[in-house]
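**Student:** Here's a structure for you.
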Amino acid sequence: MELYVWKILSLLTILFVSISVGYTAFVLKKIPSRLTGVFSSFAGGTFLAIALLHLLPEGVEKLEEFKELPLGFLIALLGYLFILFIDKIAFDSHHLVTHGNRHVDLGVHNHKPVADEEENRLKHLISTRNRVVCHLGTGCGENCIALCESLTEPLLDNCHKRHTSYISSILLVFALCLHGILEGFAIGLQEDINDLINLVIAVTLHKVPEILALCISIGDMNQKHSITAVALLVMASPFGIVIGMLIMTYVSSFIVGILLSFTTGTFLYISASEIVVEEFAVSKNKWPKFCSLMFGVTIITLLLLLEGHE
C-alpha cells in the first residue's frame, strides 16, 4: 500500500513539474541553452546509471530461470532496437538535409565558437524533439532549420511543402511521447521505494529541458497544435506510470522481468544515443555538460551503494 501511494505521488510530482515548466517556458520565451544542456546531461547520466546498475540487473534476476539464453540482455537489446526503429526509421520523415546545399561539420571536432542559434541548428538534425517542431506549425519559418552555409527563401518554400503533412506531425509526436510513456512505465514497475525515488528524479530532470525546448521552439506556431503537442508530452509519463502499476498488480514476475529488461534498452537509447549525442554534438559547454553527466552517474551509484548497506 505504501509503495502504491509513493507511485501516485510520483505521478502527481511529474505532472506538476511538467505543467509548471511548460507554463514557464511559454511565459519567458527564452531559457539559456547552457542551463538546459546541463540539466539534460545530468538526466542522461542518471538514466544511463539506472539502466545498467538497476533496471538490467533486476530484469535479469527475474528471468534467471531461463537458462538457454541470456534472455534479459537480449530483450534489452530488442528494446534499444525498437526505439531506434521508432525514432530514426519508421517515423523519421526529416528531409531537410537533402536539398543539395553543402553542410558544415556536425561533429564534436569542430572547435569553432558556436552561438546558441547555431547549437540549436546542430541539435535539430539529430533530435526527435526538434524534428517534431518542424512539423507542428503551419509552415517551417525560422524554426525549420537545417545547418546549411546558405539557405534561401525558395528552399524554405520547398521545406514548407514537404513538412506540412498532418500524418507526419502525428507520427513524430507519437515517437516523442513514446519516450515519456516508457519512462513512466519504468516507474510504475518499481518494487522498492528508494529505486522509485531515484527514477522519479531522473525522469523529472529529463522532463525539464525536454519540455522547455519544445515549448520555446513552438511558441510562435499554431496555438492549437502547440498546446496539443505539449499536453501530450506532459501526460505521457503519468500515463506510463498508470500502465506500469496495473501490470505490477496483475502479471507474473517473469513478465515484469521481460518488461524491465525491455525498458533498460529504451533507457540506454534515450541516454546514450539521444541525450549524449544531442548535447555533445558541439564542443560548446562540453566540460560543464560532461561534469553534469558524471555527477548524475555518481549520484545513482552512491544511492545504490547506500541502499545495499541498509
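Glycine residues also receive a Cβ, built from the backbone N, Cα and C atoms like all the rest.
The following feature annotations were taken from TrEMBL:
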TRANSMEM  6-28  transmembrane segment
TRANSMEM  35-57  transmembrane segment
TRANSMEM  69-86  transmembrane segment
TRANSMEM  170-190  transmembrane segment
TRANSMEM  196-215  transmembrane segment
TRANSMEM  227-248  transmembrane segment
TRANSMEM  254-277  transmembrane segment
TRANSMEM  289-306  transmembrane segment
**Student:** Under a Cβ pair cut-off of under 8 Å, which of the recorded stretches 35-57, 196-215, 227-248, 254-277 contacts the transmembrane segment (289-306) most often?
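**Tutor:** That would be 35-57.
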**Student:** Within the same chain, where does the transmembrane segment (227-248) have neighbours whose Cβ lies under 8 angstroms from its own Cβ atoms, ignoring anything closer than 6 residues to its ends? I mean 6 or more beyond.
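**Tutor:** Long-range Cβ neighbours of the transmembrane segment (227-248): 4, 7, 10-11, 14-15, 18-19, 22, 132, 136, 173, 176-191, 203, 207, 210-211, 214-215, 218, 255-256, 259.
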**Student:** Cβ under 8 Å, sequence separation of at least 6 from the ends of the transmembrane segment (6-28): give me the contacting residues as numbers and ranges.
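**Tutor:** The answer is 184, 187-188, 190, 193, 196-197, 200, 203-204, 207-208, 211-212, 215-216, 219, 230, 233-235, 237-238, 241-242, 245.
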